[in-house]
Amino acid sequence: GATPVTIRGKPILPKTGGWIAAFFIFGNEMAERMAYFGLSVNMVAFMFYVMHRPFTSSANAVNNFLGISQASSVLGGFLADAYLGRYWTIAIFTTIYLLGLTGITLCATLKFLRPSQANCNEVSLLLGNCEQAKSWQMLYLYGILYITAFGAAGIRPCVSSFGADQFDERRRDYKSLLDRFFNFFYLSVTVGAIVAFTMVVYIQMEHGWASAFASLAIAMAISNAIFFIGTPLYRHRLPGGSPLTRVAQVLVAAYRKRNASFSSSEYVGLYELPGKRSAIKGSGKITHTDDFRCLDKAALQLKEDGTSPSPWRLCTVTQVEEVKILLKLLPIPTCTIMLSVILTEFLTLSVQQAYTLNTHMGGLKLPVTCMPVFPGLSIFLILALYYSTFVPLSRRITGHPHGASQLQRVGIGLAMSILSVAWAGIFERYRRNYAVKHGYEYMFLTAMPNLSAYWLLIQYCLIGIAEVFCIVGLLEFLYEEAPDAMRSVGSAYAAVAGGLGCFAATIINNIVESITGNKEEDRPSWLPQNINIGRFDYLYWLLAVLSVINFCIFLYCAWRYEYR
């Protein structure tokens, strides 16, 4: 049932799949990530400077865009595993993504879709004296932004799984190939991010917003063409029918037989189809385990069930084990939500920090919006050195053939994220005190010439290391551990955790603002528009404490988990 086929459902040809097919898929992911990060880094500034929205509401809108694009990824995974297959899901949603990017480009191009820029300078922006965007203009922008998020949601859970599908499970070096594939996959993600934080920012500064957003749409169109050109080379997995229906059938069948006993005289055995073929298309059989014994009652075959039982009354062992696996996987991606919270906060708050710092590097002045490129550069460097440096060193310590197991890598990433946010709190405290001491308290858009923005590189590099270990390890873990016919849903777990992290960041910011600020007493919150009178350092320390608690929970979950 898990045998790969061609796009027409026929046996695959000898020269399909492998690294050549994977590289066509890398191109699609690179462009998608370029568009995703290009929007995330530019949209806050676009809403503030062009649509005249307050900085806080602009940042929250972008956080919601990031959250929706990731949290709704489970829909793309469901469609791929149930009905469309991964190829057609990617094909449909990349087209939706391209339409969304085109709509955003039109918003930056056509004057009637944005408010007038006449007599609007930085002082007017800060005082709120610029012409406000009309409600229908903001409705258009939000609508087209969330269409783009919807397109990204359909792609994200499928691309990594579809790329991994290109390798033959029967090869002896399959696990090694899979390990390298996920590292190269995240390398393509990183290259897309670096391009977004450098070239797209440069285009925006030199040629304007319309050209910047148009470059993202053009890149997406080219990547779509490359993806479709590779069609004859791809290996496909048949969709196995609705995974939600199979999960529901297990839960209903287990409930209906909740009072049945394994020692009953009516007990026949645990139900499974005879032979090698699984009842689930696109899946091999899964051996019975003793976890979640209450669910085994869904496969409890009694004499009264007869020879052709309803799947809502009797399920196969494989179907029950699918549900068990999904439940066992759940705690691990849940523990990565805090990493996503930190990444989201860095993406928006560290830009505010950089506005107050000197961004000169020798004779070169880097734009503030280019600062998030440094985590990408650190990721690029780490991935380049991963097999030559980290794997041999860690292999000596752990004895693991790949240097560290998937869960060990996730744990290393979470530990590095704690160091990153702790350093961010230390430096922000120093930066704020420096601003107050040297008379910059109310000059938050003026760079302090004697305090370099490159102190931010420490937190950027640490969070880059955290991403490499945590996200790559998590993607590989979910692909290998998920049931054959639910691998897109399994990959969607990682994206959903990322999306929930974006929403959690917005919720934390709103709670912090409401608790710490009081307009009647003229007391600013920790997160005011003027960063120099705020307490970003307190927020970073709060995130550090939450991350430590989260890390302890992860250690317990990882200790309890047994690999398939």
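Each residue, glycine too, has its Cβ placed from N, Cα and C.
Where the annotation comes from TrEMBL, it is an automatic prediction and has not been curated.
As annotated by TrEMBL, transmembrane segment applies to 34-52 (among others). Among residues of the same chain six or more beyond the transmembrane segment (34-52), those with a C-beta under 8 A of the stretch's C-beta atoms are 58-59, 61-62, 65-66, 69, 97, 101, 104, 108, 114-115, 117, 120, 125, 130-133, 137-138, 141, 145, 148, 152, 192-193, 195-197, 200-201, 204, 209, 212-213, 215-217, 219-220, 347-348, 351, 369, 372.
For 64-84 (among others), the entry in TrEMBL reads transmembrane segment.
Under the heading transmembrane segment, TrEMBL lists 91-113 (among others).
Annotation comment: TrEMBL describes 139-159 (among others) as transmembrane segment.
TrEMBL lists 180-203 (among others) with the feature transmembrane segment.
Annotation comment: TrEMBL describes 209-229 (among others) as transmembrane segment.
What TrEMBL lists as transmembrane segment is 329-351 (among others).
The transmembrane segment feature in TrEMBL is assigned to 371-389 (among others).
Nonlocal intrachain contacts for the transmembrane segment (410-427), taken as residues 6+ away from its ends with a CB within less than 8 angstroms of a stretch CB, comprise 332, 335-336, 338-339, 342, 346, 350, 404, 455-456, 458-459, 462-463, 465-471, 473-474, 477, 537-538, 540-541, 543-544, 547-548, 550-551, 554-555, 558. Annotated transmembrane segment per TrEMBL: 410-427 (among others), in sequence order.
Residues annotated as transmembrane segment in TrEMBL: 453-479 (among others).
According to TrEMBL, the feature transmembrane segment maps to 491-512 (among others).
Residues annotated as transmembrane segment in TrEMBL: 538-559 (among others).
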Count, for each of 64-84, 209-229, 453-479, the Cβ pairs lying under 8 Å from the transmembrane segment (91-113), and report the range with the highest count.
209-229
Sort out the residues at least 6 away from either end of the transmembrane segment (453-479), same chain, that have Cβ-Cβ distances under 8 Å to it, and list them.
160-161, 164, 178-179, 182-183, 185-186, 329, 332-333, 336, 339, 342-343, 346, 350, 353-354, 357-359, 361, 366, 368, 371-372, 374-379, 382-383, 386, 404, 406-410, 412-417, 419-421, 423-424, 427, 431, 487, 490-491, 493-494
Counting Cβ pairs under 8 Å to the transmembrane segment (538-559), which of 139-159, 209-229, 329-351, 491-512 comes out on top?
329-351
Against the transmembrane segment (64-84), which of these stretches has the most C-beta pairs under 8 Å: 139-159, 329-351, 371-389?
139-159
